Amino acid sequence: DEKRKSKTTPAVLLEIIKEEGLLAPYRGWFPVISSLCCSNFVYFYTFNSLKALWVKGQHSTTGKDLVLGVVAGVVNVLLTTPLWVVNTRLKLQGAKFRNEDIVPTNYRGIIDAFHQIVRDEGVLALWNGTFPSLLLVFNPAIQFMFYEGFKRKLLKKQLQLTSLDAFVIGAIAKAVATTLTYPLQTVQSILRFGRHRLNPENRTLGSLRNVLYLLQQRVRRFGLVGLYKGLEAKLLQTVLTAALMFLVYEKLTAATFTQCSEFVSAAWSTTEPLQVGEILLQLLQLEEREEQEFGGGPDQKAQANHVGGFGVLVSRNIQPTSNSGH
């Protein structure tokens, strides 16, 4: 809403609470949480899966982290953009805009929003803002590149990251990524909202031409500084969210791998003697049966001794500290 007179984040927040109520800043919290959970799951799962396949136990590099981040970002955008379109519209539904070019919406929930968008605007409307979103895959890619780089440097000096380390480097990485890509994020939000009367034809917004058009309009109205209008609020939101996300991510990853390792070790130490004993018992039974079958002449006994000797060798290979043969 470009026509609000308030300049600072606290002033806008107080203005919204005064006009729309105390709960207004929490409007659309459930769609936001749903979108964040799905988006982060897709991104982290894709990033770590591709990293495991590509790196394969070797040391990763900054270039590899950037490439993996871009690929994971593209997958994330293509799969979760419909959620973010619905999320953006539900967040802004009921807000008191100063801008008369904004068309109001009336959705009863996530499912109803999907239904109305597909019915009134077509299926492709769910992917409004995909083009700037694809350009914005560099945001998490830059974020992960800086985070992994800081992490590698810290792990050269210490065995593992502390909670404070993960929080701080996560915050720094997100701050850098957000600052570099913020102008495109502004355009992305406008296109996802999709309720502006930007031209008489009401054409679908999402092409490179429309992205450039929106960027030019902001520069003409507010100057180059206008490209970063609202950056303060965005940093307060995304930096804190990313820092907490990386903190939880590191703790969950450490706990998961530690528990899996302990479980495998405990299972092996518990079952190894039983498995060895069972193998030895089967070998002894096999030798007795072979001696009974080849018990006739000297040749048969020699063959039986040969097979029995093989069993002894196997059993000795299984338990090399035993000198008693059987």
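Think of each number as a place in line: the chain as shown, counted from 1.
Using N, Cα and C of the backbone, Cβ positions are placed for all residues, glycine too.
Heads up, TrEMBL stuff is auto-annotated, nobody curated it.
As recorded in TrEMBL:
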type	residues	note
REPEAT	1-53	repeat 'Solcar'
TRANSMEM	28-45	transmembrane segment
REPEAT	60-153	repeat 'Solcar'
TRANSMEM	66-86	transmembrane segment
TRANSMEM	124-147	transmembrane segment
REPEAT	161-255	repeat 'Solcar'
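Within the model, the repeat 'Solcar' (1-53) shows a mean pLDDT value of 81, rounded to a whole number. Residue counts for the repeat 'Solcar' (161-255) under DSSP, split into helix (H, G, I), strand (E, B) and coil, are 76 helix, 1 strand, 18 coil. Look at the repeat 'Solcar' (1-53): DSSP puts its residues at 40 helix, 0 strand, 13 coil. In terms of DSSP secondary structure, the repeat 'Solcar' (60-153) contains 70 helix, 1 strand, 23 coil.
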